[in-house]
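A short worksheet on the structure shown next.
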């Protein structure tokens, strides 16, 4: 919302509350998702599945609070990207990325709607109600409200997950895609530059580097939260599919859409961020190549490159590389097999 165009009428003091109301409503829905999921963890017998949903809800709340805290800085990030684009004369290229963002958000919202429709028409809903009826927390008088609670819980959790993860992954991913595009263009200019373009190329490089630093400083935790939340969501979908299957086509299709849903978020963080890191290395090599035009500036260029080291990470813990996708899937598979094996040893019945 902070990065969207705000109509002139809503900027007026008397109408500003309409714009602010959306923000407060979303905070309320996010808090409701957290509370309802905590209740489900307490009353639902299969705690592994409910915990795997509670973890991403907590991370999404943390990521939202982080973004809200730095909302002005995140808004400035778009201005910095525009300045870099202007320096390279690529203003018209932004329209292509706007169309891509709209398509991405539309597809992900359709996946969300498909999951909810399939879930409510599957046997999973009745299965969860039957499981909770056996819980000691529910008396006979409260059982009639159980289906309402479950429907509200599923709807609120899925919708908040969608809104948070789609916006975070979309913003982070497409900013990275555009920065990578700018770095590739700058690399081309550096390799084909004449002597009079030397200072402009160095100045533009520093602008892009500072923009990447800005992205890393204020959104590295959001990237981390998105990846971990998505891995937790994949664990839930895979565990339900392999070890807690209902044997229902609608349930299978719902889990399949969930697999696609969460996998997309992981890809939208790791692939563009790793592409930016690779493009930074390539651009540095091109700047070294640029010194053949002005060999007297070799020491100056080397100093600039060495003093402006930056890379995109997950919460400043792990530098993002494409191989992280394989590592994440390997960790997910190993953890899933371990949990399933322990469950089989403790309770050999089929859930």
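Glycine is treated like the rest: Cβ placed from N, Cα and C.
Annotation source TrEMBL lists transmembrane segment at 21-43 (among others).
The feature transmembrane segment is assigned by TrEMBL to 49-70 (among others). Listed as Cβ neighbours of the transmembrane segment (49-70) (distance under 8 Å, sequence separation of 6 or more from its ends, same chain) are residues 30-31, 33-34, 37-38, 40-41, 157, 160-161, 164-165, 168, 218-219, 221-222, 225-226, 228-230, 232-233, 235-236, 239-240, 244.
Here TrEMBL flags 101-118 (among others) as transmembrane segment. With a threshold of 8 Å between CB atoms, the same-chain residues lying at least 6 positions outside the transmembrane segment (101-118) that come near it are 154-155, 158-159, 162, 166, 170, 173-174, 250-251, 253-254, 257-258, 260-261, 264, 268.
The feature transmembrane segment is assigned by TrEMBL to 154-179 (among others).
Away from its own ends, the transmembrane segment (218-239) comes close to residues 48-49, 52-53, 55-56, 59-60, 62-63, 66-67, 70, 73-74, 77, 161, 165, 168-169, 171-172, 255, 258-259, 261-263, 265-266, 269-270, 273, 312-317, 320, 328, 331-332, 335-336, 339-340 of its chain (Cβ-Cβ under 8 Å, at least six residues beyond either end). What TrEMBL lists as transmembrane segment is 218-239 (among others).
Annotation source TrEMBL lists transmembrane segment at 251-276 (among others). Remote same-chain residues near the transmembrane segment (251-276) are listed as 104, 108, 111-112, 114-115, 118-119, 122-124, 165, 169-170, 172-174, 176-177, 179-180, 183, 212, 223, 226-227, 229-231, 233-234, 236-238, 240-241, 245, 312, 320-322, 324-325, 328 (criterion: CB distance under 8 Å, separation of at least six residues from the stretch ends).
Here TrEMBL flags 324-342 (among others) as transmembrane segment.
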Grab the same-chain neighbours of the transmembrane segment (21-43) for me: Cβ-Cβ under 8 Å, and only residues 6 or more beyond its ends, written as numbers and ranges.
1, 50-51, 53-54, 57-58, 60-61, 64, 132, 135, 137-138, 149-150, 152-153, 156-157, 159-161, 163-164
